[in-house]
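A.B. asks: Okay, here's the structure, questions in a sec.
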Amino acid sequence: MDNIRNFSIIAHIDHGKSTLADRIIQLCGGLSDREMEAQVLDSMDIEKERGITIKAQTAALSYKARDGKVYNLNLIDTPGHVDFSYEVSRSLSACEGALLVVDASQGVEAQTVANCYTAIELGVEVVPVLNKIDLPAADPDSAIQEIEDVIGIDAQDATRCSAKTGVGVPDVLEALIAKVPAPKGDPDAPLQALIIDSWFDNYVGVVMLVRVVNGTLRAKDKVLLMATGAQHLVEQVGVFSPKSVPRESLSAGQVGFVIAGIKELKAAKVGDTITHVVPRKADAPLPGFKEVKPQVFAGLYPVEANQYEALRESLEKLQLNDASLQFEPEVSQALGFGFRCGFLGLLHMEIVQERLEREFDMDLITTAPTVVYQVMQRDGTTVQVENPAKMPDPSKIESILEPIVTVNLYMPQEYVGAVITLCEQKRGSQINMSYHGRQVQLTYEIPMGEIVLDFFDRLKSVSRGYASMDYEFKEYRPSDVVKVDMLINGDKVDALSIIVHRSNSAYRGREVAAKMREIIPRQMYDVAIQAAIGSNVIARENVKALRKNVLAKCYGGDISRKKKLLEKQKEGKKRMKQVGSVEIPQEAFLAILRVEEK
């Protein structure tokens, strides 16, 4: 056990985490040169393209150090994005050490800090590494200063390397072996193994990635999953080198995979503890397990109504590999049949949409994302509302609570003003502001409903892409939010309802109505577009009727003749308006999303 090192790599997007992992795998001979490809550990295409890691992956490597001993290194690759922060904390709790990779030309970024604090809270030894020192713009000294200022760990002896060229990578491994402690644990104690991640394989069912904390796990053992209470028979255990290599057993301190004939992911929850059924069951599960709750909801509808079943199948297949995705059927008068889906955050939502479109060839319409509001009713009950259409009648509502998130923003000094203005527009309240060299850290509390619409895009545009952010849920607070309904000729259109703060409601109502006016085609009669809160109309636009010139045949002549013709036309229009219904084009729903992006 003294020769095992479990570690993960913490880095911001594009700071070279996956490349460094590739180099380490190559150096330790985990894959032959023929099998080596860029970003070995990112298995989904979308991970490679966006350069992000979504699912955790591992590699068990052996490395002969300069002191002549052979060490077993277990690299656990973690997602870097805030939406997947629970997966990150589980991956980190399976390690004793973490390499903090910082781009020497860019310095510290927000997500690095968020994940680094998670690591420090979990008692993981953080080893700073400066990457990309081969770049002409690299400034290692100021990067070291930033690590010390922002994160507060000693970085004077940070290892310098370039993952692209391979310079300094052996030094990184030596530093890792020297600084990271060996795992503690008793191979003879009752079994406790932490599920770091799980995914679905078409041939063997669910594959669980585990870190054995105490005890030994062998094939043919009967095991119990403590959170669900389900029992399974282990079929196979082994390690990834990144290829899967079966082993006879996994003992304390090791990281590997377990296949136990589980059919669905819901049964193997990330963060759960595996123990033996007989003869010795562990007394308590490992700490830190929690159910992941979706934070952002949106409706997904197929463009073609006959694609509904196909969309259901696609979502079910995605759910096999992504237990945090939730969905339930939903019917909208305007868009037909679809699903209300729950996501961990905005990035998660984009990834799910992109995977549906790319891997399953679906054409989708997405409604505006919303968050979960808690509505206290007059009769003392509380309801959770994640869909504007389900908001109770205003007369029954006592108060509405909205989720507030704490947002940490990092940006160069020159963009502070623009970012503060943006946060104020989004009803944020400033908590803290501190300077670290050229970088500024701002902490705000902002309602989550304001974040999910377009905060991230706007932040990137006001700071020319230099600002980075991460957010975490803080609490629910009472807020004066209202539901704005859109009426067309007096009929409510459910899919266009939005929940906004009262102070912003008139502006948003006007914007949406104006946008709809451009999009709805002219009819033979006037079409009234109204935005209303309850029965109170706050904005109105008219789409003018198309009319035929009925006076064209009267050359001169008597006024009463003209009046008669005009009256007759008016009568006809009135009758039409009673029976006619306005078709709302699909673009209108997308327009609502566009309004929010302005």
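These residue numbers are counts, starting from 1, taken along the chain as shown.
Note: Cβ is positioned from N, Cα and C throughout, glycine not excepted.
Annotations per Swiss-Prot:
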type: BINDING; residues: D14, H15, G16, K17, S18, T19, N131, K132, I133, D134; note: GTP binding site
type: DOMAIN; residues: 2-184; note: domain 'tr-type G'
A.B. asks: Radius 10 Å, atoms counted are CB only; among the binding-site residues S18, N131, which position scores highest?
C.D. replies: N131
A.B. asks: According to DSSP, does G16 (GTP binding site) fall in a helix, a strand, or coil?
C.D. replies: coil
A.B. asks: Could you check the binding-site residues G16, I133 and say which one's CB has the fewest neighbouring CB atoms inside 10 Å?
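C.D. replies: Lowest Cβ count within 10 Å among the binding-site residues (G16, I133) is I133.
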A.B. asks: Could you tell me the mean pLDDT over the domain 'tr-type G' (2-184), as a whole number?
C.D. replies: 73
